[in-house]
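Noted in TrEMBL for the protein shown:
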| type | residues | note |
| --- | --- | --- |
| DOMAIN | 144-351 | domain 'Histidine kinase' |
| TRANSMEM | 21-39 | transmembrane segment |
| TRANSMEM | 70-88 | transmembrane segment |
| TRANSMEM | 94-112 | transmembrane segment |
Amino acid sequence: MRPGQTSPVRQPPPTTTGPHLFAAWIAVVAVCALGMAAWPEVSTVPCYVVWASFVVLSGRGDWPLRRTVTGLAVATVAAGAAVAAQAVRDELDWVGAAQVPLMTVLAALVVWQVRLRQGAMAALTIRAEHDRSLAAERDRLTRQTSHELRTPLTIARGYLELVASRTVDPQQRLDLAVIDDELGRITRITDRLVRAILLPTGVPTQVDLDLVLRQTVERWAQVADRRWVLEAAAGTFDGSAEGIRACLDTLLENAVRYTRAGDTVRLTGLRDGGRIEISVADSGPGLAAPLIAALNSPVGTGTAAGRDDLSQTGLGLGLVRSVVTAHRGRLLTGTAREGGALVRMTLPVADADRDPGFVHPPTPAEVRAEVAV
């Protein structure tokens, strides 16, 4: 599929019960018409049977417009003929006979509303399919672009490392180190952009958070020489596994960036009643008190300098906050017991005694503990 193209919309299989139900309904109408003619004193019952059965069957949504209009006409004629005959014989006054056109109008309004609902549902189905197709194409293009960006960066850093190994001049080695640092910065920016673009949307699924935490630590332990500590007791959670992974990768990237070999990076996932707490802590230099207060404010954006301290592009914390907000949770920053930065995601979970949308707010003591330096 070429970029910009969308896959054809899957249409529901055609129904085969509509014609049979219509024929059966015509038979019911005929029986009711005979009943109204034979027993005029109880004609109200078969009359309402005709209208009720028409509304129920036409409301199923599998009658085309022509068949629906035909059914409305048949019901009007069947009920109207019997009522008109009674009015002619003075068995029913003409005011009572007005129920037939009134019922016709009422049934027509019901049919109109049903057709509007069908049109709206069809439009929503087409839109949802279109959105799924666009999301799949966006995912493919993003992964392809990510690969095309990472490949030259990897090659450039490889050649740079080779040149640095052959260079003895201190100033040249310093210049090469600056270039390597900038290439690394571009690589990190690329990774953050890819994570932001690939943030999934849609129906939440059950996520094994403990498994996600373990897999994340295992991946990062292969590329960063740190003392990794994992505390995983969060259980399952209804949400986005990819969104949680993107948050963890972003926070761990920041933790690795501000720590050195041998420093501690701790990843924790705990369940506490109606909420789940996932935190990343390290033994690095930590965050300044003004930055912590700004990040924990209701706006939670901090200053431009503060955003640069936490992630060079400002994308890191924004990505994490968007995922946490999408899960109806809260993001807090503070000082870890190791002395470095602490970033905690608090996510609500469904509980037998709580509404699934319940968000457990942090207590004042928790906020003071988080912002303490």
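Backbone N, Cα and C atoms are what each Cβ position is placed from, and that goes for glycine too.
What TrEMBL says about a protein is an automatic prediction, not a curated fact.
When averaged over the domain 'Histidine kinase' (144-351), pLDDT in the model lands at 82. Nonlocal intrachain contacts for the transmembrane segment (70-88), taken as residues 6+ away from its ends with a CB within less than 8 angstroms of a stretch CB, comprise 22, 25-26, 29-30, 32-33, 36-37, 40, 43, 47, 50-51, 54, 57-58, 63, 94, 96-97, 99-101, 103-104, 107-108, 111.
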